[in-house]
Every structure is written in structure tokens, then in C-alpha cells.
Amino acid sequence: MPPRFGRRQLLAGAAALGAAGLGLGLTGCSGSGRPEPLQFWNYYAPQEQGDPEIVEQSKWFQSAIDHWNANHPEQVMPVFVPDYVNPMNPRIATAFAAENGPDIFLISPGEFLRYYNGGVLVDFKPYLTQEAFDDFYPETLATRIVGEGIYALPMEVDPLSIYYDVAAFEEAGLSEGDLPATWDQMLDVAERLTTPRRSGLVLETTPGYYQNFTFYPWVWQGGGEVVDPITQKPRIASDAVVAALELFAASIARGVAPRTLPAGGEIVTAFTQGLAAMWQRGPWSISEFQLQAPDHRYGVFPLPLPPGGRQITVAGGWAWAVNNRGRNSDAAARFVVESIGSMSAESIARGADWNYRAKSNLPARRSVSAASEQLPSYADPARAAVRELVSTSRGEPRYPPVLYKALSNTIQSVQLAGGDARVQAQVAQDAIESFLQTYEGGTLV
Amino acid sequence: MTALSLNRTAGRVGADRRPLSTMQKRERRAAFLFLLPDSLGLLVFVVVPMFLAIGLAFFSLDGFGHLRFIGVDNYVRMAQDPQFWSSLRVTAVYVVVVVPVMFVVSLALAVLVKERFPGVGVVRSALFLPYVISLVVVGMIWQFMLTDKVGVVSRALAFVGLEGVSILGSPGLALAAVIAITIWFQMGYYMIMFLAGLQDIPGELYEVARVDGASAWQQFRGITLPLLAPTSFFVILTSTIAVVTGGLDLVYVLTQGGPASATSVLIFFVYEQAFLFGEYGYAAAIGSVLLVALLLWSALMFFLTHGGRFSHADD
Amino acid sequence: MPTTDQLLEPAAPTVAAAERRHGRPAPRTRWSRRNAALLALGLVLGIGTVLPLLVMVLGSLKPKAEVTAPTLLPQQPTLENYVYVFTEVPFARYLLNSAFVAGVITVLALWFHSMAAYALARLRFPGREAVFLVIFSTLLVSLPVVMVPTFAVVRTLGLVDSYGGLIIPAIFNAFGIFLLRQFYISMPAELEEAALLDGASYWRVYWHVILPLSRPILSALAVFFFLANWNAFVWPLTITSDPDLRTVQVGIAGFQQQYAGNWNYTLAAATVAAVPMLLMFFFFQRQIVESIKSASFK
């Protein structure tokens with residue numbers, strides 16, 4: 001050690017120590033080809049109890065895995081991760097940071113770029129036949145494609161619309177003819193539906209990827225964009241975004257929308273207990289109603305529009321992804337493609353079974369949609385209403401965390417803290433502009 | 001006693017110029033071995049992370065092992081990040097409100113339960129009870145009671161005419177709730193500390209004061225407060241640290257930092273950046289600010305308490 | 001089964017002892033108007049304080065339809081929620097994990113801390129003050145503040161997702177060393193010196209003289225450490241993903257998210273996590289109180 005050890009050297013030394021420690025700590029590579037089963041992290045299986053739709057969905061995953069395991073030496077094991085959808089759940093992120101990530105995992109569009117930019121996703125392109133590739137609706141693959149590669153395979157599409165409680169409408173003296181078609185009508189109707197106990201309209205309030213997801217369609221309706229998909233420049237400081245922000249704020253300010261979700265976010269409980277009348281939701285609610293309260297009367301209508309707006313909605317949905325640092329990423333990719341992305345009769349039937357029995361989202365593939373027509377639930381009116389939305393659905397954008405957070409802060413501030421929409425939009429605009437100056441990674445679509 | 005034993009040691013070590021005896025060697029070896037497990041552990045899990053916290057701050061590190069030296073960029077980003085300043089502000093409000101209120105509340109409770117009235121043991125236990133519950137459970141209980149419209153508290157508010165108030169859905173109220181719950185949870189702990197301090201004050205002092213005709217308030221001002229100074233000082237220091245570094249569990253369960261980041265304290269912001277967004281370098285930069293602040297606080301404490309030997313400050 | 005009053009009694013002798021120290025006989029508690037008023041005030045504050053816990057326990061005994069009803073007492077009390085919680089998720093496993101992790105941390109921490117504190121308080125060696133200074137300076141660096149780098153260290157050691165990762169980093173903190181050192185410094189030296197003169201090794205002195213003498217403070221710290229580690233949440237949440245390693249706090253937090261809106265289940269789960277600590281409080285109240293008192297730098 002040199003006799004004179006200044007503060008600068010100390011800092012440099014500490015930094016070097018840090019780098020060395022991290023080099024060891026976070027960049028080590030795990031060996032592959034271990035004989036352990038491939039871990040499939042998800043939040044469906046295994047689960048033996050719970051609400052009936054949860055049991056059905058768990059069985060579906062289990063049977064897909066069993067089918068693979070019976071025919072291949074590389075075994076797959078489902079790992080149930082509770083609280084998976086919670087943006088505050090660190091499990092998957094820390095598992096990757098510890099080089100101990102899952103082999104196969106469910107990924108939402110909101111999180112896609114974080115993993116893609118981290119360079120951990122396997123490209124399914126070499127595993128997918130051209131026929132199967134063409135079978136996916138282009139809109140569902142668009143947000144999973146970077147360049148020539150396909151980095152996640154969607155199992156479902158879930159376009160958002162408004163779900164409403166028929167009994168609440170009747171109580172308020174409203175009928176189907178009163179279903180709102182514009183933003184103003186929506187707030188007016190919500191006002192008539194609101195009672196001390198019941199919220200007229202539920203828009204998402206919890207900060208997170210999911211709230212951003214529910215926010216996009218209101219922006220697009222007015223021709224706005226968060227980030228322009230062509231120029232890759234943020235367009236948050238725009239009239240369309242400001243109008244959508246003001247809609248969220250107005251719903252709270254007029255007292256027709258709650259500041260926290262009724263019944264902890266459970267739509268069936270909220271409707272059956274008379275806590276909410278209209279709710280911006282996705283089609284997964286259909287199977288929740290079907291299995292938890294099959295006799296409860298509810299309906300679905302498309303998102304109302306702003307003046308001069310166009311009909312459009314957002315569609316998310318889970319996709320399967322494979323970790324390229326996993327135990328056997330080749331086998332994992334084959335498992336994914338065989339299960340949900342092959343033209344085999346089993347794969348197609350499996351897709352139909354998922355979307356039209358176990359869960360109630362829409363298929364991501366043409367062949368699965370066609371096969372679904374044979375299933376009894378195809379005729380269900382709510383599902384029919386949701387199918388109407390497909391032609392006007394756009395995939396949930398994939399934005400990296402900084403962008404997600406900037407937008408989330410703006411939505412939260414305007415919706416719940418009385419922030420000025422234009423000012424807050426500009427704050428997000430500036431933050432995202434400065435972030436994108438140095439951003440390198442998958443395109444923002 | 002403390003000072004005595006230390007002086008004795010200091011004299012010995014300082015005066016020792018002779019070759020070491022076998023006894024001394026044996027003692028030194030024993031001391032080394034006794035200190036080894038904890039020193040090693042503290043080195044690896046506390047000291048190294050402390051330095052690493054500063055070192056990491058100069059790197060960009062995602063959650064996938066990509067490491068790049070970026071100089072002070074993380075600090076520049078931090079200075080420009082409205083979320084950082086907002087979290088700093090939330091933390092400041094949290095500390096500035098909780099510490100004094102907790103001080104007054106727990107001291108008042110200690111004064112109450114120092115009295116020997118029948119059933120005081122039960123009361124004392126009841127006031128302390130929340131402290132033994134985890135913050136996760138605490139968060140759940142309060143989330144349940146504060147649920148809009150159907151929660152106990154919301155119903156009570158509606159009963160007094162405050163219908164439709166959303167506590168966890170309004171920024172100001174949510175932070176107020178986090179503050180109130182923190183105080184409710186921790187007041188018993190500091191109450192016991194104050195109680196210990198109060199019990200050390202000789203009763204004769206009060207008797208003399210009473211003979212002199214001092215009122216209860218005069219006794220409190222003239223005797224209790226001055227003699228309680230060491231305890232008070234300690235309560236203020238530790239509760240400040242506890243409030244700055246704590247609260248993560250509660251915020252995580254109760255509000256997840258919302259609504260509109262109103263309860264996103266700095267430590268929560270650090271956690272979010274690191275473990276949810278994989279911004280480990282940036283998180284380390286923010287964390288290093290906290291760390292330095294706490295070290296300064298720690299140093300202040302060390303000097304003010306004469307190296308932790310409080311009661312011998314005036315030896 | 002003793003009554004609550006008896007269980008809570010241990011607090012009282014402490015006061016009596018304290019007063020005896022100051023040469024004044026502890027007066028018997030007497031009913032007077034003043035005492036009645038104090039009791040009334042104390043009861044109001046005490047009941048107000050425990051009310052949220054009562055709400056939790058009583059709510060966990062209500063069926064789903066009733067849990068958000070505006071009544072405190074369950075109209076149709078049921079244990080169904082507990083049955084559900086235990087069959088739904090491996091709660092027994094969570095409880096066992098928490099007990100194991102908190103227990104091992106407690107034992108190892110007390111062992112290591114008492115050794116270190118003994119050396120710092122009673123043994124003479126060069127650099128003792130410096131070592132103590134370094135340890136003291138880490139006193140206020142708590143895990144949440146250095147969680148990011150600690151995670152990196154734990155990763156380097158390959159302890160992520162293991163009992164080691166849950167246990168080892170939680171053992172080391174200066175707090176316990178500090179308190180034990182204070183205790184040892186004020187302990188009379190005669191016994192120890194006699195043993196040393198008889199030729200006993202330092203280890204023997206530590207094991208046979210020091211440890212038995214420190215039983216009261218060790219038991220106080222043990223209860224406190226166990227409590228703190230049973231209640232730990234963020235570190236176990238961050239460091240483990242294996243379902244088999246889930247501790248009870250992490251377990252109930254996940255459970256709550258999953259059964260959002262089913263407050264009857266969530267409250268039952270919360271009660272299950274809280275009851276062991278409530279029991280511990282009732283039985284070891286004196287130790288908890290003592291450990292807090294000894295922590296106040298007296």
C-alpha cells in the first residue's frame with residue numbers, strides 16, 4: 001500500500017472493489033446442461049385450491065406440462081410464484097440478477113423490453129414453422145418481435161372494454177339504451193349509478209404496469225401516442241394525452257370513480273355486493289363471473305370515445321418466454337413452441353381450451369380461433385361482445401422501466417393528486433426525452 | 001465503573017514496553033479468536049457493503065450482469081430525477097412529523113404508566129402490544145380498516161359526516177395514515193425506554209419539590225425533563241434512524257408508494273429502482289446518499305455521547 | 001390457565017424493584033379518585049391501541065359475507081378461514097421456516113456477539129479501542145440502507161435462495177455486541193480473575209463463568225432477536241424465490257395479493273403470523289421490556 005493514500009485513491013479503490021465484487025456477484029455464468037427439471041415460473045400452477053377458475057387454469061398448465069414430460073427426456077416443472085402480476089414483486093427480477101432465473105416464464109408486454117434489453121430472451125424464430133408464424137395474428141406478435149427475432153410467444157389476447165352490472169343500471173332507472181358512447185356520457189351515467197356505497201365507474205388507480213396498460217386506449221382514441229412508434233420520439237405533451245389524463249382526473253373529481261379499487265380489485269365481488277357499476281376490464285373477467293357467480297347479470301360495451309375519437313382499444317395478454325442462460329434453453333424453447341406455438345392438433349386444441357374454457361381471453365392465433373367455434377362457450381354473449389373488439393385492438397406497448405415510471409407518475413399525479421395535466425405531461429415528456437437520448441435497445445412499440 | 005475499567009486498560013497497554021509475557025500473548029490470541037466470527041461477519045456483510053454502496057454508484061448495472069463504469073452519471077441523473085426529490089421530500093415530512101410526535105406521545109404514555117394505579121400492568125402491555133406484530137401484519141390490518149366505504153375507519157368517518165373520504169386513495173391522507181400507523185406501532189417501544197429513564201430519577205427530588213410547593217408541571221419541567229435528557233437524546237437519535245430506514249415494509253404492504261408517490265419514501269424508491277427495475281447502479285447512488293447521511297448522524301451521536309458512554313460524559 | 005392479569009404481572013415488580021433501589025418502599029396500589037381516573041384514561045388508551053388487533057382476530061372468525069359488516073363481533077363465528085388458509089398454502093411450512101431461520105439467527109448471533117463483547121470488555125489487546133470504534137460506527141447502518149450491495153455480496157457467496165442467505169447476513173449487527181459489552185464492562189471481575197488464576201483457559205472462563213452470568217441479558221436479547229427476525233420481511237422477500245424457503249411474512253404478503261378482496265382469509269393468515277409473537281409477548285414480556293431498557297444506553 002502506498003504511504004500516501006488520498007481520498008481519491010480510496011474512492012477509486014472502493015469503486016474497483018465494487019466492480020470486482022460485482023463481477024463476481026452479478027455477472028457469473030451458470031453452467032448449462034444440468035439434469036434438473038426446467039423451471040417454468042408462472043402464477044397459475046400448481047395450485048390445488050382457490051376460486052374455481054384458478055383450479056381450472058392450474059390444471060390446464062399442468063396438463064400441457066405433463067404432455068411434454070411424457071414425450072421428452074427434458075422434464076419441465078411448474079413453479080408457482082404468488083403475487084406475480086404485482087409490479088412490486090421482486091422475485092423474478094432478483095432471480096435473474098442472481099443468475100438463477102427461471103428457464104421458462106410468463107412475461108407481460110409491459111416488462112418485455114427489460115428482459116430483451118438485458119439480453120436474456122431466446123429467439124423462437126428458429127423453432128417456429130413458417131405456417132405457425134403466419135398463424136399468429138400479426139398484432140399479437142408485433143410487440144414481441146425485435147428485428148427478425150421473436151422473443152416471446154403470446155398465449156392470449158385481452159382487449160379492454162367496460163363491464164357493467166345490469167342490476168345497478170336497473171336500480172338507477174337506466175337501460176341498455178343508456179350505455180354511454182362518449183366520455184361525457186360515461187361520466188354522466190356513472191354519476192347516476194353512484195351511490196354512497198357504489199362507485200359508478202372504476203378506472204384503475206393502483207400505480208403499476210397495469211394502470212399504464214389501461215390508460216393507453218384513452219390516449220389512442222384521440223389520435224395520441226405516448227411514444228411515436230415511427231419516429232421513436234415521446235409525444236406525451238400532446239392534446240390527446242392531456243385529454244386522457246383529464247378524463248381520469250374528472251372521474252375522481254366528480255366523485256363517480258373511486259380512489260382505491262372496490263373489493264380489493266375483484267370485479268365479481270364488487271358487482272355482487274353492489275360496490276361498483278361499470279369497470280374498465282379485460283375478458284378474463286368473463287370466466288371469473290362464469291365460475292364464481294354464473295347467474296349474475298352483467299354486460300360488456302366498448303370504451304366510450306372523446307369527441308371526434310376513433311374506436312380503438314388496447315390488448316395485452318401473457319406470453320411465454322425462455323431464459324437463454326437457463327439449464328437447457330433449447331429444450332425450453334421447444335417446449336414452448338410445442339405447447340402453444342405448433343400447428344399440431346394438440347397445440348391448437350390446447351389454445352382453444354385455454355381461451356374458451358379455462359380462461360376467457362381471446363386466442364392469439366387464427367387456427368385456435370377457428371377451433372374455438374366448436375366449443376360451447378363460443379356462443380356466450382359477453383365473449384361475442386369481446387370478439388367484436390379484436391378488429392380495433394392494438395397490442396400493449398412495451399416500454400422500459402424508466403419510461404413506464406415517468407408515465408405512471410404523471411397518471412397518478414393528475415388522477416389522484418390534483419396535478420395539472422399539461423404540466424405533468426410535460427414533466428414526463430422531458431424525462432422520457434432525456435432518457436431516450438442515450439437509450440439503446442429494442443424499438444418502442 | 002465503565003470509565004474505571006477503561007482507564008485501567010489504557011494505562012496497561014500504554015505503559016507496556018516490555019517483551020510480551022506468555023500470559024499476554026495468550027490473552028491476545030484469545031481476544032483475536034473471540035472477535036473473529038463477528039468481525040469477519042461484520043466485515044463481509046456490513047463494512048464491505050458500505051464501501052460497495054459507494055463504489056457501485058459509479059457504475060451502470062442492470063439486473064442481468066451488464067456492468068459499465070459511468071462516473072458520476074448516476075448522481076447527475078439523481079439530481080435531475082423529480083422522483084428522487086419527491087421521495088426525499090416525503091422522507092423529510094415523514095421524519096419531521098414522526099420523530100417529535102412520537103417523542104411527545106411515548107413520553108406522555110411513559111409518564112402515565114409510571115403511576116402505580118391498579119391495572120397499570122395491563123395498560124402498559126396493551127400500549128406496547130402493536131410493537132410485537134410484524135409490519136406486514138400491521139399493514140394488512142390497517143389496509144382492512146381503512147378500506148374505502150366498508151372499512152371500520154371509513155364507516156366511522158361517514159358517521160361523523162365525512163362520507164366518501166378515501167384515506168389510502170388521497171395523497172395527503174395516505175401519508176398521514178402511514179405516519180399515524182408508524183407512531184401507533186412504535187410508541188410502546190419508546191414508552192418503555194422513557195419508563196426506564198423515569199424510574200431512574202430519584203423520587204426524593206419530587207418530594208423535595210413538592211415540599212417547596214412546585215406544581216406538577218413545574219416538577220416535570222424542572223426535574224423530569226432535565227434528568228431525562230440522556231434518554232430523550234437517545235430516543236430522538238434512534239427513532240430518526242428507525243424512521244429513515246424503516247417504513248419499507250409498511251409502505252410496501254399498505255400503499256406500495258402510492259397514491260401519486262405520496263408515500264414513496266426514499267428507502268422504498270431505492271428498493272424499487274434496484275429490485276424491481278434492475279437499476280442496481282442508480283439505486284446504489286441513491287442509497288449512498290442515505291448511507292452518508294446516516295454515517296454523519298452516527299458520528300454526531302458518537303461525539304455527543306462521548307463514544308456511547310453516555311452516563312460518563314461528565315466524568 | 002392463568003388469567004391475563006397474572007400473565008401481565010411481570011411488569012409490576014420491575015417498578016417495585018426500581019423504587020426499592022431508591023430507598024423508598026413501593027407503596028401498594030390503592031383505589032383513590034386519582035387512581036380511578038388514571039385507570040380510566042389508561043384503559044381508554046390501551047383498548048384504543050389494541051383495537052386494531054382485535055379487529056384482525058375477530059374478523060378472521062367471520063365468514064366472507066360478514067367480514068366487512070360494521071359489527072365488531074362475528075355473528076356466525078367460524079374457523080373455516082383458518083382451515084382454508086392452512087389447506088390453501090403450505091402455511092405450516094412457512095411457520096417452520098420462520099421459526100428455524102429466526103431461531104438459528106438468534107442462537108448464532110448471541111453466541112458470536114457474547115464472544116466479541118467479552119473480548120472487547122474484558123480482554124486486553126492492542127487496538128481494542130479502534131476495533132470497538134469500527135464496530136460502533138456500523139451500529140446505525142441497518143440492512144435496508146445497504147440492501148443493494150449486500151445483495152451483491154450474498155450473490156457472490158452463492159447464498160441467494162438458500163437458508164444461508166436468509167440466516168447469515170442477519171446475524172451480524174453491532175447492536176448486540178454493544179449491549180453485551182456494556183453489560184460485561186459493569187460485571188464484577190472477581191469470579192473471572194479467580195478462574196484465570198486457577199489456570200482456566202479463556203474459553204473455559206467464557207463458557208463457564210461469563211455465559212452463565214449473562215443469562216438475564218442473553219435471554220432478554222434472545223427474545224428480542226427472535227421477534228425481530230420472525231417479523232423480517234423485505235430481506236427474505238428479496239433473497240428467496242424458492243417456495244420452500246418462504247417465511248411466514250413473505251407467505252402472507254403473497255397470500256394477500258392472491259386473495260385480494262377476501263379479507264376473511266387475509267385476516268386469518270395475518271392472525272396466524274401474529275399469534276406466535278403475541279404468545280411470546282405474554283410469556284416473555286419481562287425479557288422484552290428488559291432488552292429495550294438495556295438498549296437505552298444507561
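Glycine too: its Cβ is placed from the backbone N, Cα and C atoms.
What TrEMBL lists as transmembrane segment is B:31-59, B:92-113, B:125-145, B:165-185, B:225-244, B:250-271, B:283-304. The domain 'ABC transmembrane type-1' annotation in TrEMBL covers B:88-301.
The listed stretches are B:31-59, B:92-113, B:250-271; of these, B:31-59 has the most Cβ pairs under 8 Å to the transmembrane segment (B:283-304). Highest Cβ contact count with the transmembrane segment (B:165-185) among the listed stretches B:31-59, B:92-113, B:125-145, B:225-244, B:250-271 falls to B:250-271 (criterion: pairs under 8 Å). Panel annotation: around the transmembrane segment (B:225-244), residues 91, 94-95, 98-99, 102-103, 106-107, 182, 186, 190, 193-194, 196-198, 200-201, 205, 266-267, 290, 293-294, 297, 301, 304-305, 310-311 of the same chain, lying at least six beyond its termini, place a Cβ under 8 Å from a Cβ of the stretch.
The stretch with the most CB contacts under 8 Å to the transmembrane segment (B:250-271), chosen from B:31-59, B:92-113, B:125-145, is B:125-145.
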